[in-house]
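Below: the structure, in structure tokens.
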């Protein structure tokens, strides 16, 4: 992130309509105030950074506050919105869909909201999925269900074709709910729109169960993910403790980042080892994972291991890799690999062990949002609506330092967020598990 | 089952002590009556069977009513009890342990209760697991946890060694919580005891997550199993419906019997196919599974399949089989097999599908008991205690026709219970899924 | 119950259409057989009763087996069905509605299914609630929600008016889901129909959260009720144990029967006292409740009390009573009464106590059905549909001795089911709580 | 809060021991760094505040970063710690107890940890509750239970007596888990200790289910509270929708602040009205609550109202008030009051309504912590331990702007936190419910 300039959110032009929201512009009347473009929040809140700016005579890196603007770009009486959900399932997608529909309908009186079925495929008329009309009545109960009401798919479609579809159907605002690839895709759509001189706002709502979108506090559904994973770890502990030298291995999501594994392990403090993609670790050697595991077993007669799916890829050097439909390199299966390695290690050492392997994957992905995520999804959706109606484009609605802000899509897709191994968060995981800082 | 004679429960000898329970022997005083040996219940309750007995002039097949006897065999002041849990985890084991301890302690004042750790291994002193003293205070909260407080193991130990251990430790009653193999094991222990002329009561409490113990209504933990599996099926449905031609496959427990798969599918009526070990089915052919699945996808664009782990073994003809530690033949993995076959079938047919495979196994096994199972476990445990104190031996405490009874272990281990494909139960599953009676 | 004759289910006339169900009439083909009128099940399964019948030369009391008949009364192409839900909420109502709609539509091809809104009020055109058309698509997800999709109301309407409405709308089958009053109401509707010579089948599906419908094993939703109540009792225990001399009082449903209170207490074995309507108990005196409670507190420093709402009415002698909309006498509030009495008793005794009062009522009533109840509701609904299509009338579909049967409505409404204080069930509750048989 | 100076945490003296934690002091070695006293975080992160400081030439208000210090005050080999839990139950107390014990034992090797039973009462030897020795083995499973392992009480004890007890038992660190009153109490203890020149660190861990501790992001247990309340609101909706003109009123905790009511309503977006203590509202008048409710019923036939227990106290003018054991003025019961007023209003208007009143109180208070709160509690506990070992005193460990910090107790007890009616948070609630900004 460039520390010297604040992020700039692009917009489609000067807002020309008065917001239909009956808000205030003064403090003290117990009525929420419209947010102005000058409402900004500091990104790096350490005193060091503050002093650095001070001595450099520069304004700190700032974020644009999210919320309803007094003047809006689209005419509520005529505007059409579209919603698309892409990529793998994640708790809360339906809550976001519901929130966007409710916000557009009730706050701004938008009459026509189009649901795009099955991800970006739905914007390619050749595939022929058609559209779904979205109304408050259709979406009012969907927050109680996991999954996505609209269906999803992985991978992209031709950008030109997708923009053709949006234009042909008179869409003014496109809300895309998805992860890194989806956000890059909707940004590309936004750029193509700009090139054509069209006036369509494109908004990203970051969705990644791995919580690996950069800059933002946390992505929706992530908390539910470790909330659902946590009792499964308790189960794994029951299995491990139920056998002499019982070992349970729980594989959790986390392609490049171990947030779910780490958070779930913290939430159910019966875990003895957390292995994440950010860590480099070895199996062999006295300080390697297997030796440390053996010492644990000797003391306690059971062990619980939580491993993120992307952990330990350094152990698969030289193996060929394949890509999935979204273009991500498929990881070798560290869970089954560990199960085998642990099994043969203890067999060689003539120590009887019982290993249970648990891979809850879809059980986590397709759960309904828990309460915090429900709150978060509604608010995210409302902010996405307010930003789009104001004519902003190519931005994500998100939360940073516990406040709702808008950030350009291009900023959050520069790299994936990872766990900092020197952070207080990872240290708290190690304090909870008692595992050493390094396993090599 | 021999229809002409009632089951006979063996006992260790004439009960010689007065029960410390303050119960009644008359009706109408609002105090429970001691159960007498003549309290019996008819096993087959169809009118046809009744009429058959009538015309044959024979008493119907009867079961012995469970409950406290007025005279007991063991002296509460001196008796020692032991509890062992064997085989795979199942919800409710801890509730049964707790119930047995509470019953022995509070109803009869038994002072010494030994917990045998890690299954039958714990009765082999050479392995050296030691014992655990069990008291009300130690077990009072364990019903809130899944797993087994005592630990478990698979497979048996030398019967002579185990009886030596029981005798050496002055054990008068052994409560064995386990499945088919465990029950056969404890019966063999009972026979060895008899051979030695010892006076140790052995009691089986049938535990099988598959619900495949013969004659009895249902085994404890089974209901919790499908209660836990049911929302996972809802998740599977979310995954299936979230993709165009989405197919979810959920593999559930059921080595030889499809009770969990069938019940879970009934409980969450979004399932389109249930495949169980009792069914013979083909994949190919117009009426085979794959063809019928294709028709379903064409109509509805998604499908949910629940498959019991022991289903479709006829499809693996000619493959070599291996055995597990309990001596059961290991099944070929029908879940992954189906996933592959479905994938290649639709690939050949040039129909895009998305397949999600879910194998919750340990998540189901290690859950805490739900409320009904908790009730059931406490009552089972109490009845096991009453039977043992009365000096009965080589029996299981169980429920038949909704009543608690005692049955000789040898009767319930003759064969495994299976779903009758012509029963109302299986028909209700087919009514719920809409799948054809035959898939071939 | 008259022991000398089997129950007789009335029917509208001779079935004249062939069932569209592709079932079998022979054993051994793995296809379910049509149920015949001669398939019967013995009601009282004790050997004593059996021998009594034998010596009297009489057939035992029998019940008619539920299930699809080979010949049906209504022409599936023309028949119209209606569903109504009455009285208070109970888990599983939506599952039953769903099951009836699915059964009528998919098994028999019924085209028109009318939802009657807000209970019997919906059959009174003057109130003007209108009708709801029910289709598989409308009801497919409702089983995941508690409450009733159709709305409900208490109390009855003029029978003539309701039959007028049914006739005017060409209804051939009326499914009424409700408790004692509702069942009596639908029976009266059936009698009025008969009087008019009309051919409308009326079917009751017993719904009572109190589980107090006579003769039947258990009513749907009851198990969910104590499944939901059980963790609330755990909470109550946390509250009690969290304070010195902490006392928690949980009031649960049970106007005239203590089934929920007793079952929930068994399910969460931290309860020290269960007070139910079937018990006569005193507060004062050495063996009265307060004295026994004091002894408990002295030993353990906390206590958990579960009280059914209808318990202890003998303590309110001489107070005036009022009736609710369903015509039931309103009970005095035993929960608050106990709270006051306990408070003043210990205040007088100068013993500091902390009392927490918990009344979960609607939280229990409006929960979605758990897995067992879901299974039960679907099967009940299917059997109700099969019976109605066969032209049977004025019957309930229910389960007795673990088998689905049809019983005349008039038989199950003769009296309310109560807990037998001398039964094994109540004894198991006392074994779990440790409370004395008598509290006076 | 004084904006010109950073908060100053007092300490007992110069740390003289080397921390036994094997941490780092340099970046880049993948090992967590000791936190130094100069690590600070800006409190107000708005750009406006930043610019104000800049133009005033002042450092912004800062908070001290929590975490382990390189040098510690107490000798781990000799130090004794004590833990006390006070006030009403709140999810997560046991997690905090567990975290403090684990942290003291495993991080610093503290041998003696005393559990003070039943709140401050436990520090008064005259009451005679004794102590509980706390070890990792005793607390390892308690996080799975709600309530408090140590017991609690309301109100305070003589400060001198409590300090006598601490001194007499050689306590070096006192961890007090409690709300506003408890924190003030432990601060007073800290002042008395200082007066005596003793060296005992006193640490507060803010516990308030109402989330009304000032300055901090959120108190532990609060999220679980609305997570537990949220499905109860869904139940309330089922009840409301299940009756014609059904109205459900759910009363939730919130003496002076409506955070739980507002958050639960946002989490389960079926709520139509949220009434909180921060709002002034009227019942009568066209824009009063009852009139607006009537309009809602006319349109939708049902309504769900969530009311915080402290809401609407302005409606009880002139009534006498009493105080509870903690010295708080007892609120008049707004829930029952609303129920009556709504009932009589619609009765007068001759509009039939059905009102259901739900007061889940203890069900919420005594739930076990959900996953996020579990994570939060462990980390809070660890930070409390690190601060105490460093010799800091009279501080709370807490989270501000999503970062763990230490704040002087005196700063967070100056006033209670309330919902700002002009905040984005409250606006999001109004957006979700659709209720007007003002109800008068």
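The backbone N, Cα and C atoms fix where each Cβ goes, glycine too.
Please treat TrEMBL annotations as automatic predictions, because they have not gone through curation.
Just one of B:309, B:411, B:422 is listed by TrEMBL for the same substrate site as B:208, B:209, B:210, B:253, B:254, B:255, B:362, B:363, B:364, B:365, and that one is B:309. Among the candidates B:67, B:88, B:258, the residue that TrEMBL annotates alongside B:154, B:155, B:179, B:180, B:181, B:182 as binding ATP is B:88. Around the Cβ of residue B:155 (ATP binding site), the number of neighbouring Cβ atoms within 10 Å comes to 16. Counting Cβ atoms from all protein chains shown, residue B:180 (ATP binding site) has 22 others lying within 10 Å of its own Cβ.
Note on the domain 'Phosphofructokinase' (B:81-386): its mean pLDDT in the predicted model is 95. Fewest other C-beta atoms within 10 Å: among the binding-site residues B:88, B:154, B:179, that description fits B:154. For residue B:210 (active site, proton acceptor), the number of other Cβ atoms no farther than 10 Å from its own Cβ, over all displayed protein chains, is 28. In the three-state DSSP assignment, the secondary structure recorded for residue B:181 (ATP binding site) is helix.
Rounded to a whole value, the Cα-Cα separation of residue B:155 (ATP binding site) and residue B:210 (active site, proton acceptor) is 18 Å. The DSSP secondary structure for residue B:88 (ATP binding site) is coil. The Cα of residue B:210 (active site, proton acceptor) lies closest to that of B:88, out of the binding-site residues B:88, B:181, B:182.
Residue B:181 (ATP binding site): 20 other CB atoms within 10 A of its CB, across all protein chains. The 10 Å shell around the Cβ of residue B:182 (ATP binding site) contains 29 further Cβ atoms across the protein chains shown. Farthest C-alpha pair in the ATP-binding residues B:88, B:154, B:155, B:179, B:180, B:181, B:182: 12 Å apart.
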